[in-house]
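Q: Below is one structure. I have some questions about it.
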Amino acid sequence: MTDVIDAKPEEAKKVPPEVEDEDSGDESAPEASAAGGEATKKKKKKKKPKKKKKAAEQSEPPRVGLSKLFPNGIYPEGEIQPYKDDNAYRTTSEEKRYLERITCEDPDETYQNIRKGAEVHRQVRQYAQRTIKPGMTMTEIANLIEDGTRALVEENGLEAGIGFPTGLSLNNCAAHYTPNAGDTIVLQQGDVMKVDIGVQVKGRIVDSAFTMTFEPTYDKLLEAVRAATNTGIREAGIDARLGEIAGAIQETMESYEVEVNGKLIPVKPIANLSGHSIDRYTIHAGKSVCLVKNDDQTKMEEGEYFAIETFGSTGRGRVVDGGECSHYARKVDAPHVPLRLTTAKSLLKSINKNFGTIPFCRRYLDRIGESKYLLALNHLVQQGIVEDYPPLYDQQGSMTAQFEHTILLRPTVKEVVSRGDDY
């Protein structure tokens with residue numbers, strides 16, 4: 001520890017008495033004294049400049065709530081993409097700009113809610129990208145991400161918090177894996193890990209994902225999926241048809257190959273996974289953006305939110321359920337079923353209070369004090385009240401990758417709210 005030396009004020013310098021001479025009675029002396037007195041007075045009046053308040057900065061690991069970093073409540077806008085073709089007029093339309101202003105005045109609809117969630121996402125994921133290393137357990141990685149999310153979004157019940165369980169799916173597991181209690185899986189040097197993070201503010205969910213590798217073998221797989229996601233974003237827009245967007249995604253994805261052990265393997269889009277529309281407190285709102293061309297003539301509409309996500313694989317390009325389930329969500333249209341199990345009634349009450357229709361995992365139930373709940377949870381699933389989302393796997397030995405962004409179809413422009421410098 002550095003020794004701090006006390007800085008004592010300098011003692012007044014003693015002027016040695018001068019030898020008196022015949023001029024010691026000079027009349028100018030009083031004038032000089034008076035001038036010195038005036039100077040002393042002026043010095044006393046001089047005020048020290050006020051120190052400017054230092055702007056709040058994010059900590060490492062990130063724990064500073066965003067309201068402290070953005071005290072005016074205005075959060076960074078996402079990437080803006082103008083509409084094209086028949087919708088190009090929207091960018092300059094007075095009518096559409098007026099509609100956008102009205103939307104922003106509604107405290108529930110304001111874009112600031114989703115932009116806050118997006119900024120939380122960017123700061124948390126960029127810390128995760130710097131920090132995650134082989135040798136860490138899946139539980140350590142999940143906690144690293146979720147602790148940061150809770151702190152930055154300033155978790156407050158259903159008002160703000162985690163948007164869904166942190167996905168950490170490895171290798172041929174494409175989606176819906178997060179560690180349950182007691183999980184001992186350790187991240188390996190050769191793993192391909194999909195990191196899917198959700199943040200919600202007043203029910204506005206930001207859903208964005210990226211893929212991490214620690215050696216170059218599967219770089220082309222990641223490049224293919226990232227390019228396919230950006231193609232989907234480019235083609236998305238008001239009145240865009242979902243089937244046509246899917247065709248563009250497929251074309252981009254299939255233009256890539258990966259070389260593994262001297263063999264070229266085509267990258268396939270995972271045909272039975274898709275992007276989706278998002279509603280308040282509802283992660284899957286009904287519309288699907290598939291990854292292979294189809295005849296779906298459904299159109300995207302003004303004001304809608306979409307998660308544009310693509311998955312690529314070196315395997316079959318199809319996934320099946322497998323492994324221990326961790327992800328669950330209460331159904332939006334859950335039936336009113338009389339529950340005979342007292343434990344199921346109690347668990348449902350807890351789910352409604354803490355999560356509503358926001359997806360959750362077993363670790364989150366542990367965190368709120370629930371125990372011995374598996375029988376009750378399975379009963380709620382069997383009764384159609386809660387949906388389970390088991391992990392999804394392509395064939396053994398294959399590798400899968402994912403990239404995803406949340407977009408907002410504003411009346412005037414398309415905003416990629418979760419875009420960052422990283423992807």
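Yeah, the Cβs are placed from backbone N, Cα and C, and that goes for glycine too.
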Q: Looking at divalent metal cation 1 binding as recorded in Swiss-Prot, which candidate out of ASP183, ASP207 goes with ASP196, GLU404?
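A: The one candidate that Swiss-Prot places in that divalent metal cation 1 site: ASP207.
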Q: Do me a favour and check the Cα-Cα span between GLU404 (divalent metal cation 1 binding site) and HIS276 (divalent metal cation 2 binding site); whole Å is fine.
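A: A Cα-Cα distance of 11 Å.
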Q: For GLU309 (divalent metal cation 2 binding site), which residues in the same chain are close in space, meaning a Cβ under 8 Å from its Cβ, but six or more apart along the sequence?
A: ASP207, ALA209, THR229, LEU273, SER274, GLY275, HIS276, GLN402, PHE403, GLU404, HIS405
Q: Taking just the CA atoms, what is the gap between HIS176 (substrate binding site) and ASP196 (divalent metal cation 1 binding site) in Å?
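A: For HIS176 (substrate binding site) versus ASP196 (divalent metal cation 1 binding site), the Cα atoms are 9 Å apart.
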Q: Report, in whole Å, the straight Cα-to-Cα distance of ASP196 (divalent metal cation 1 binding site) from HIS284 (substrate binding site).
A: 15
Q: Inside 8 A of the center formed by the CB atoms of ASP207, HIS276, GLU309, GLU404, which other residues of the chain have their CB, for the recorded divalent metal cation 2 site?
A: SER208, ALA209, GLY275, ILE278, PHE306, ALA307, ILE308, HIS405, THR406
Q: List the residues in the vicinity of the divalent metal cation 1 site, defined as same-chain residues other than ASP196, ASP207, GLU404 with C-beta within 8 angstroms of the site's C-beta centre.
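A: Not counting the recorded site residues, we get GLY167, ILE197, GLY198, SER208, ALA209, ALA307, GLU309, GLN402, THR406.
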